[in-house]
């Protein structure tokens, strides 16, 4: 059954991606014949197993916008579990019984109801007594079965979560640092409680079952492990669980602890239940907690240190956050010397003063925080001027939280987005200048305009004393800046951040005008719209950018720092026109995979990120690899060639 469930998941994702690309990008990644073949295979597997996942093309759920989320009272209150931070306490609690130890996932708890094999209701935990009905949203969870091979009524609980990888991908699409989601749990909560489930569908919410609440034959299973295995057979993903006794508890705890950092999903500790269902239920409950389970949170390692200064960090929206700088301490295996205080309210509540003795820890073993101020010498002054631009500041209050803002609309901190884009890999490719580093350089007043980046070598003392920098990293940064002084024209144009002008469009425009900057910068809308793939909107934005006086000054300063790498006016040959390549693995003859990509595009070819029926060649020096791309290429009969074979192909074309 598990093999079939995995194949159902694989087919659902593959067909969904094919439909998305066709509908949103007007291109095909598989032929109609291939699509129909895979569709028929999926439909047959769904009929055999009774499992239909959310997103299945055989049962597409229509999107719907609601005016509100109805509230519903739970049949029985959902109590929290009692907690401990001590492994010996877990062992004592379990005694001589068997237990089920599993992750306490950090998302949003959902109660699902199925009748006659169909998902009919989903309700959030809410306050434990009343939750919100989110059935429409649950129907677009990435891995949730809409139908199951069970005809009676089934009620289960589980956790809706957003994986770290999806969280980072979603945040990467949000340019404003302060608009980014703080953690996967907050993003998940907002996603599950959307009024428009089309938004939920884009968030890749996953559901992991952790409890069977009710079914028609409740006496069918004697242990929780049997319940978990049965839920897996029905098509549910279940929280990872381990059978434990007092003897193997410590060893099992070490297993879970070692996986915290590598897990792709957020967790907030562990939960332990008695495996024997009847025994656990016989224990009853207190007024606050059920007695059949207990939660575990790892004890935070707390260290005492001395507060050295408060750094005021300005951001793109004008928000100025206080950051505590203290004497370095070792926490959870890493050296920590700073922690965000988040806002004025927290800073005032801690009554911080320079030289105070403070205790610090890592929340969830990851994020440094100040736990307490042991000496409380008094409030630090709140700056009346912005540390970046010198403009006036203002304290704004939202509910009970006070935050500091710069009121200058021209504050340099708000330019971080353009700086970050300018140095990115596909633009000027300056390594060592992350957004965080750029923010520090701006905050210290070391860079004000884009051209200032080319003079960071003048600030060795200031930069080498910054956290994360030393002599070596400073030299690497300077070397990277110097290499960036000879860009190709297309990457320079892209680095300017012109609206709607990506690297591919920049290459088309530069090629059209013979890689001549003067011609490119003076192009007209009529000239640009003659280029295939350049429409009126892009052309107008392009021309408008170069006509603005402030942009002319920026470019004038930049041109004093760089010399364009000479390119052939012909822009390469058309040897590879009509051919699509995918590049994977390490390269030997080229500097990196991007260089291979540039060569292919210079000769009229196209490079994509995934192997599809439209791919002509997969370039991989290890053509015997069992990687997913190699497997896919073999399945589709696509040649897998080495770099040398690619070079030979290019020379012979």
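For all residues, glycine too, the Cβ spot is worked out from N, Cα and C.
Annotated features, as they stand in Swiss-Prot:
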{"type": "ACT_SITE", "residues": "104", "note": "active site, N6-AMP-lysine intermediate"}
{"type": "BINDING", "residues": "32, 33, 34, 35, 36, 80, 81, 125, 159, 297", "note": "NAD(+) binding site"}
{"type": "BINDING", "residues": "386, 389, 406, 411", "note": "Zn(2+) binding site"}
{"type": "DOMAIN", "residues": "571-653", "note": "domain 'BRCT'"}
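Within 10 Å (C-alpha to C-alpha) of residue 159 (NAD(+) binding site) lies none of the binding-site residues 386, 389, 406, 411.
Per-residue confidence over the domain 'BRCT' (571-653) averages out at a pLDDT of 80.
Of the recorded residues, residue 386 (Zn(2+) binding site) and residue 104 (active site, N6-AMP-lysine intermediate) place their C-alpha atoms 42 Å from one another.
The Cβ of residue 406 (Zn(2+) binding site) has 28 other Cβ atoms within 10 Å, all protein chains considered. Mapped onto three states, the DSSP output places residue 406 (Zn(2+) binding site) in strand.
In this view, residue 411 (Zn(2+) binding site) is surrounded by 22 other Cβ atoms within 10 Å of its Cβ, with every protein chain counted.
Rounded to a whole number, the C-alpha distance linking residue 389 (Zn(2+) binding site) with residue 104 (active site, N6-AMP-lysine intermediate) is 45 angstrom.
Of all the recorded positions in the list 104, 406, 411, the shortest Cα-Cα distance to residue 81 (NAD(+) binding site) is found for 104. Annotation for the residue listed as 'active site, N6-AMP-lysine intermediate': spatial neighbours 267, 268, 269, 270, 271, 295, 296, criterion Cβ-Cβ under 8 Å with sequence separation of six or more. Residue counts for the domain 'BRCT' (571-653) under DSSP, helix first, then strand, then coil, are 29 helix, 12 strand, 42 coil.
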